[in-house]
Structures are given as structure tokens and as C-alpha cells.
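Taken from TrEMBL, the feature domain 'Anaphase-promoting complex subunit 5 N-terminal' covers 30-168. As annotated by TrEMBL, domain 'Anaphase-promoting complex subunit 5' applies to 254-353, 458-490.
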Amino acid sequence: MASVHESLYFNPMMTNGVVHANVFGIKDWVTPYKIAVLVLLNEMGRTGEGAVSLMERRRLNQLLLPLLQGPDITLSKLYKLIEESCPQLANSVQIRIKLMAEGELKDMEQFFDDLSDSFSGTEPEVHKTSVVGLFLRHMILAYSKLSFSQVFKLYTALQQYFQNGEKKTVEDADMELTSGEEGERKMEKEELDVSVREEEVSCSGPLSQKQAEYFLSQQASLLKNDETKALTPASLQKELNNLLKFNPDFAEAHYLSYLNNLRVQDVFSSTHSLLHYFDRLILTGAESKSNGEEGYGRSLRYAALNLAALHCRFGHYQQAELALQEAIRIAQESNDHVCLQHCLSWLYVLGQKRSDSYVLLEHSVKKAVHFGLPYLASLGIQSLVQQRAFAGKTANKLMDALKDSDLLHWKHSLSELIDISIAQKTAIWRLYGRSTMALQQAQMLLSMNSLESVSVGVQQNNTESFAVALCHLAELHAEQGCFAAASEVLKHLKERFPPNSQHAQLWMLCDQKIQFDRAMNDGKYHLADSLVTGITALNSIEGVYRKAVVLQAQNQMSEAHRLLQKLLLHCQKLKNTEMVISVLLSVAELYWRSSSPTIALPVLLQALALSKEYRLQYLASETVLNLAFAQLILGIPEQALSLLHMAIEPILADGAILDKGRAMFLVAKCQVASAASYDPLKKAEALEAAIENLNEAKNYFAKVDCKERIRDVVYFQARLYHTLGKTQERNRCAMLFRQLQQELPSHGVPLINHL
């Protein structure tokens, strides 16, 4: 289940999507790219309304803001962007820049002199206070301040900029002419395009203040909402280093560097950048000027809080607790209730394994509501629901609590928390064994994300909740034998969350578990054993459990028993009830495979008591299935059949395909064992019914390609057909058994002696 406190990280850069830079020190200056943009603006003003259609003018207006705020791009790229919006204007801009670059210095001088005319007249082309007007005025002022030598250098740079753009345009035209002749040329063009895009992001000189603010705001937003569209960690760090080289005290660049280092789990660099951010924030004095002496203390306490969050993220709980104590001390001195509420939430995260942690959490929720902090209040409710789900509370009470938190989300438009709430519901339904409800909730989350991206225009489907929902979908499809669909979901996950992204571990573990289950079903234990290492690296408890399962399948019973006992003690200490029950079931299976079914009964009863106490319906049904099998081995098939009637309905409704097959196979075994005392006519009817159930079990096993169990089914069917005197059907089943027996030797394990 996803952690709901990942969103508590303090992000001072983001206020309504805008980065607030305190001190930058570098004002706007004229560059060849900005001259090209000025030419575009001038041509737009000179072109009459009839010459450009309404749709073209609308597209041009939408293009202007990123051109004015973004970093410098190549001339060929600029031409391409203008041509996509208005081809006629692109041609005019190209001719104008060509005349200026191939002419004389006085042409550029005359161009800047003519720019002032845009503000003249009773109805000027551009208003002085508009976005375009401010840009024009900044450029005119910056140009007027240049010395003659600087003007000459600017003109030389403009000529070089034009020549590079022309050269790139010619190369692109040549490639388009020859792209249809050879496939290799097409690949070369794509590689060249990629390299050009990287060059466009990279700047030869320092960015201006507005360009830097826009760049940081854009990248911070992408890292939060759609990490795949942000620059790669290496490229982004290179750009940030370039920014900091020209202005080491640019605090927000240090914070973005901190977020970037978190993507690659670099604890040293992320800590270094975070401390530098708060150091620079205090040194600039920006907060102190706006908030008095309070600004200095605010930076210190939030620095300690963020440091605690960072240590907690990397599992350094002792250091996190020390940093949190420091944050609480400073916040209490300053009487900052908002900071104290954040500290209280992190105190719960650090101490959530304690038995009294729910008291702390309830207090946190009440205080957050009192101080009007809906975000923290909702996160607290989500954590309470998660904790009570693990404590075995009924599903209806949990859903009522989530409904109350959903009201908060919709009231305050907390879209991120709506996603977390639905992902939480998906995980709760899976925990309780209701796969149909879990599937419905996961699909609801995916539909909501797709609708949001269309209406808002910002992709927000790369969050942790989206990754959790997709992982649940992949596992649910794999459980039903739809491996092709599960592979498609995993492929989509890999595209959405590349291996270097912060949520990639979710799909990595999901992928490894699905591959492990398929290898075990197929009897390829050596392949399953090789996957255990990868699972252990991502989840140590899951890895040890899977290792024990492989050892058990390979008949290394003593080694498997030793591992399971160690894992059982560890999980009981951590109060991981779900894994405790799974381990108990594996221990019971180990006992009866070792011909000790009587020892397995108390273990199974312990597992049943736990699953009933914590309302884990599906695990309870699986435990009853195992109890019925133990009773069958002990020679009381009638009692086993009555138990099966209790457990089989939830398994057939919400169970995995493999469990459905196991249940039907067990029903057939119990029917055959019960029919031993029947009269001949009734016995024949019972055996026919058992054969029907065996056919159903075989179909289930075939869906997950479980050849070992299919072998057992056809062996059993051959015996039954022989008893009924059906020679042809018996021979067909015997031939299938022989083929599977040669492919999958039984390793000396008695057939039909496992569930």
C-alpha cells in the first residue's frame, strides 16, 4: 500500500506554479535569439488583420509566452515553431532576419530605432504595460546601454546565429529528400534531432532572471506531475550547475538540485543541496525583509523539518528524529502552529510501528482541522484508515472514513489527494480479498487521470498513486491468467516511470513477482530461484518468503523450514499479519508434504484465527481450503467436503485462477474419497461428477500454464476413467500424463500429495 505522507515535503519554490527567486543579479540583455523574437513581434504588428486568419493569430499568441520566457533556442527551431502557427509570417521573419544579418551594422541600429514606434500614436500597436510591451521596453533599454564594441559583438553573434540556422535548415531539407531512399538515413535524422534538442536546452551563457525563473518553475512542475517530460537527471544537473556557476547564491536552483538528486536516490548530494538552499535563503535576507526577524527563524525550522523528511525517506530514522526535535524546538519558540502540525505528522511516520501511534495521529487530525489545514487533515485521515485496515477494522467503517476525506478533497480541490484516496481504496479491497472491487477502483483512478489531463492540459498521471493503481491492475490480470494484458500494463508503466524515476521500484517489484509466479507454475524452479535476488533487493521480506517457496518446491524441506521459521518471527515482530498468515500456510504445506498432516492442523487453525480476526477474507478461504486438504489426508473426506462449501464461493468469486483450479481439484478428490462407501450406481454418478470438476480444474490450470498440476489432474482422470471402464478416455489421459511426466519429472514426490 502506498505511503500517504510522500506529499508532506515542503516545497517553497511552488506557489501557484510560480518560482519566487529572491536575488538573481543578472538583468535582461539582448541576444541574437531575442532579436529574432523582436523581428517576429514587429512583423506581427505590421501584418494587417486580413492577412493572418483568426486561428493563426490565436496560435501565434499562444506561442509568444514560451518564446519570451523560455531559454534561447536555435534559429531553425524558431522558424519551425512559427511555420507551424503561420507559414506566411515565418517566411517574412526569415527574409527580414536574412536582410539584417547579411546587410550592415546600421540595419540592426535602424531596427532598434524603429521599435519605439510601436508605442507611438493614439492607438499604439503594443501597450507599454502588456507582456509584449514590457519585453520590448526591456530590450530597447538593454540595447541602448551597450557600448559600441558590445554592439559590434552582438551583430557578429547575430550573423553567426543566422549562419548556423541556415546550415541546419539546409541539412534538414537534404535529409527530407533522401529519407525515403534509405531507412538508415531516417535513423540518423532522428539522432540528429535529439542532439539538437539537447543543445537547445543548454545555454552558452547565463540565463536572464526571467528565463531562469521560467526554467526552474517548469522543471519543478514537471518533476512533481510528469517526471518523464522533465530533463534527465544528468541534463538537469548540468543546467543547474551552469546557473549556479554565474550566481552561486540562487537559492531556488539549489532546491531544484535537491529534488533532482532525490530522483536518483543520491543521499549525499541531496542533503548538500538542501542545506545550501536554506543557507542561501537566509543569506539573501529575502524572508527577513518581508517578515521581519520571523523570516530568519522560519527558514531554520523548515530547514530542520526538510532534513528530517529527507533522512526518513532514506531510512535514517535516528538522524530524522534528531532533526525533527530541532524543528519542533524552533517552531515552539516561534509559536508556529503550521510547522508544528507538519512535525506532528512526521512524528507519526517515525513512530507508526508503536502501539499508541494512532493516538498521535488522531490528535494530529483534530489539530489540522482546528488550524484550517485541509491537506494535512486529509493525509492524517488516510493514514488512520491505512492503520485500521491493518488492524482488521470492517471495510464499511473504513470506506465511510475515506468518504469524509473525499468531501475535504472536493471542497478544497485537492486533486492529488483524490488520487491517493482511490489508490488507498484499491489497496484495501485487495487486502480484504475483493479483487473485483479493487479492479473497479483502479480503473476509476485511471479514468479520472485521463479526464484531468484533457481538461487541465497538465499530465498528472505520473504520480505514485497512478503507479500503485497500474501495479494492482498488472497483478490482477496476471492472477486471472491474462499475461499478455499484464505485460502491456507493465510496458506502459516502464514508459511512464523510467528506471531512474522515484516510483520505478513499484513496477520493478510487480514485474519480478509476476515472472516468479509464472516460472513456478511452469516448473522452472531454477529460473524462479534466479528472480529471488531481484525481489529481495526491492523487498527483503517478500524475497525471503519466495526463496522458501522455491526451496520447498525443490524438496529442500529442512532449509525451507528454517527460513520460514525465521521469517515468521520477524513478521510477528513487525506485525505484518498478511505475511504471517502466508508463512503459516507454507509451513503447514511443508508438514503434510513431509507426511505429518497432524502437525499441520494447529498451524492452520492459528492462520485461520488470524485471518478471521483481521477480516482477511480471501486468506481465510485459502486457509479453510488447506484445512479441508489436511482432513482429506487424515481420512475424513465428508468433513472436508462440508468445509469446502464454506470456502469455495469467495475463491470462485474473487480468487486467482490457480486457486480456483486447486479448489475444484480438491472437490474432485473429496468426491472420489467419499464415494468409496457408496453403492455401485451412486458411486458411478459421483465419479462422473468428479471428472467434470477435474475438467474444470484442468481448464483453470491451463490458463496459467501450470503443467505440473495439469499432470496430476490427467493422472487422476485416467484412474477414474479406468474405474468406470472408459478405455478410450483413459488412454487419452494416460498419454497426456506420460508426455507431461517426461517433461516434468516428479522428483520423487508422491503424486496428488499436495494441494
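Along the chain as shown, residues are numbered 1 onward.
Glycine too: its Cβ is placed from the backbone N, Cα and C atoms.
Looking only at the domain 'Anaphase-promoting complex subunit 5' (458-490), the predicted model's pLDDT averages out at 87.
Using DSSP to sort the residues of the domain 'Anaphase-promoting complex subunit 5 N-terminal' (30-168) gives these counts of helix, strand and coil: 108 helix, 0 strand, 31 coil.
Note: the domain 'Anaphase-promoting complex subunit 5' (458-490) comprises 24 helix, 0 strand, 9 coil (DSSP; helix = H, G, I, strand = E, B).
Broken down by DSSP into helix, strand and coil, the domain 'Anaphase-promoting complex subunit 5' (254-353) contains 86 helix, 0 strand, 14 coil.
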